[in-house]
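Per Swiss-Prot, the features are as follows:
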type     : residues               : note
BINDING  : GLU39, GLY44, PRO440   : Ca(2+) binding site
BINDING  : HIS62, HIS377          : Fe(II)-heme a binding site
BINDING  : HIS240, HIS289, HIS290 : Cu cation binding site
BINDING  : TYR244                 : O2 binding site
BINDING  : HIS367, ASP368         : Mg(2+) binding site
BINDING  : HIS375                 : heme a3 binding site
TRANSMEM : 16-36                  : transmembrane segment
TRANSMEM : 57-77                  : transmembrane segment
TRANSMEM : 78-98                  : transmembrane segment
TRANSMEM : 101-121                : transmembrane segment
TRANSMEM : 146-166                : transmembrane segment
TRANSMEM : 182-202                : transmembrane segment
TRANSMEM : 234-254                : transmembrane segment
TRANSMEM : 266-286                : transmembrane segment
TRANSMEM : 337-357                : transmembrane segment
TRANSMEM : 376-396                : transmembrane segment
TRANSMEM : 413-433                : transmembrane segment
TRANSMEM : 451-471                : transmembrane segment
Amino acid sequence: MVTRWLYSTNHKDIGTMYLIFGAFSGVLGTVFSLLIRMELAQPGNQILNGNHQLYNVIITAHAFLMIFFMLMPALMGGFGNWFLPILIGAPDMAFPRLNNISFWLLPPSLLLLVSSALVEVGAGTGWTVYPPLASIASHSGGSVDLAIFSLHLAGVSSILGAINFICTVFNMRAPGMSMLDLLFVWAVFITAWLLLLCLPVLAGGITMLLTDRNFNTSFFDPAGGGDPILYQHLFWFFGHPEVYILIIPGFGIISHVIATFSKKPIFGYLGMVYAMCSIGILGFIVWAHHMYVVGLDIDTRAYFTAATMIIAVPTGIKIFSWVATMWGGSIELRTPMLFAVGFLFLFTVGGLTGVVLANSGLDVAFHDTYYVVAHFHYVLSMGAVFALFSGFYYWIGKITGLQYPETLGQIHFWLMFLGVNITFFPMHFLGLAGMPRRIPDYPDCYAGWNAVASYGSYLSITAVLFFFYVVYKTLTSNEVCPRNPWETTPGVSPTLEWMLPSPPAFHTFEEIQV
């Protein structure tokens, strides 16, 4: 039994392990976020006794856990592995053993990340790991080095997974299936290209930081002719595509869910594909909008402002196409659809604040305030995460063969929806009022909205606990999931996974699909 999971080369088993790993890391990351909100519940030192370094270690750990160990493993590793081969009619991934090591690089990576927080003073650098704060002068112990090794392992894991997905889509499609068939497949395919192109840049940047810290190089040290701004360019050339890596698989899931529960095919299919490709390409040429305050030329800032705003165009195409799909559809508001509609609304809010932040003039005021925190939590904590839950409720019956309890799923949605909005909406006001990020204490004038935000986070925690109760009920109540639980209308042919039994056999498609 142990060897089945340890040595597994089966895409479904590996996908399941990714999902369990993502759930575990997500709980860990959620605990850190709760600590942050408890510290910020009132002015003054609350639970960390004025330990600013520890506060920043918690912030850093929260970010790394949620991004590299929750969202990416669950969306790409979990749903990507589970459903991409099934959707294209392939028996498995192109390189099943590569798939195995892609997963098994993650637990050691997580171990290194946790170790970095536990040795010396921890890595209190923020997830950006900027020097000179991350240099040996300011973080003298082994913490930052451990965090860098953790990132290296997670990066190798993602690159190998990306190569696997790309080869699978190119080479493993069933006869007669064109490249242009399903939006989730497109989403994973585009995301894989982004990973493949941007992770090596991160690897280079953090390796240079590693040698600066340990081998006396001075890539980022002005005393030796280096420049810390170079690190920012390298990091954000990875960091901006990274946020699209987190959201694009979510786009794919949302497209499938909205089409299924509106009982009609997606509106503007080809436009959706081109929009995702455009977002992927544009994501690589806007990185310096994270750096408006470092002293870029005026013309550079003008270019990055314009380029960043252009990303709103394909994103808008996607939003309106989803709305157009629902328009005139026979909408059924089951839990996956609730999360998808919630995604639409909240992702749009996050996108609007993104357009505000794209302006280099305005961003000088907003940079490093809670306005930025509000913006990226709207697109991540309510965009990517809602897409994740939507996909979970959509596919859990197919994965386990057991259907979730509908009422409990809907309760989970409303708890979550209220919780995250009460947490993050007030942060816009705090940011406009100038409250800085990454600081564990604040003047009394910010007390009101911080208290509200902290109460919101307690509600979100309740929602997370309730979600695990829903999972428990699903796995123990034995409500068998039929082949296709979402009785799709005759006019709309269901995608390939709904033609298989729930759960599918260990080896699907033993004969070629036509």
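Using the three backbone atoms N, Cα and C, a Cβ is placed for every residue, glycine included.
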For the Cu cation site built from HIS240, HIS289, HIS290, further residues of that chain with CB within 8 A of the site's CB center: TRP236, GLY239, VAL286, TRP287, ALA288, MET291, PHE304, THR308
Closest of HIS62, HIS289, HIS290, HIS367, HIS375 to PRO440 (Ca(2+) binding site), Cα positions, binding-site residues only: HIS62
Neighbours of GLU39, GLY44, PRO440 excl. site residues, C-beta within 8 Å of centre, Ca(2+): LEU40, GLN42, PRO43, ASN45, GLN46, ILE47, LEU48, GLY50, TYR55, ASP441, TYR442
HIS367 (Mg(2+) binding site) to HIS290 (Cu cation binding site) - Cα separation in whole Å: 8
Chain residues outside the transmembrane segment (57-77) and at least six past its termini with a C-beta under 8 angstroms from it: 14-15, 18-19, 21-23, 25-26, 28-29, 32-33, 35-36, 48, 102-103, 106, 109-110, 113-114, 117, 121-127, 143, 147, 150-151, 154, 158, 161, 165, 188, 191-192, 195, 242, 245-246, 249-250, 253, 380, 384-385, 387-388, 391, 438
Rounded inter-Cα distance in Å - HIS290 (Cu cation binding site), HIS375 (heme a3 binding site): 13
Stretch-level contact, the transmembrane segment (16-36) and the transmembrane segment (101-121), CB cutoff 8 A, at least 3 pairs: yes
Whole-number Å value for how far HIS62 (Fe(II)-heme a binding site) lies from GLU39 (Ca(2+) binding site) (Cα to Cα): 14
Chain residues outside the transmembrane segment (182-202) and at least six past its termini with a C-beta under 8 angstroms from it: 76, 79-80, 83-84, 87-88, 151, 155, 158-159, 161-163, 165-166, 169, 234-235, 237-239, 241-242, 244-245, 248-253, 255-256, 266, 269, 272-273, 276-277, 280, 283-284, 495
Contact call for the transmembrane segment (337-357) and the transmembrane segment (266-286): at least 3 Cβ pairs under 8 Å, seq gap 6+: no
C-alpha spacing of ASP368 (Mg(2+) binding site) relative to HIS289 (Cu cation binding site), in angstrom: 13
C-alpha spacing of the residue listed as 'heme a3 binding site' relative to GLY44 (Ca(2+) binding site), in angstrom: 26
Neighbourhood of TYR244 (O2 binding site), C-beta criterion under 8 angstroms, separation at least six: THR191, LEU194, ILE279, GLY280, GLY283
Same chain, 6+ residues apart, C-beta under 8 Å of the C-beta of HIS240 (Cu cation binding site), given in sequence order: GLY283, PHE284, VAL286, TRP287, HIS289, HIS290
Residues from the same chain, set at least six apart from the ends of the transmembrane segment (78-98), whose C-beta lies under 8 A from its own: 9-12, 14-16, 18-19, 22, 160-161, 163-165, 167-169, 171-174, 177, 181-182, 184-185, 188, 191, 249, 253, 391, 395, 399, 495-497, 500, 504, 507-510, 512-513
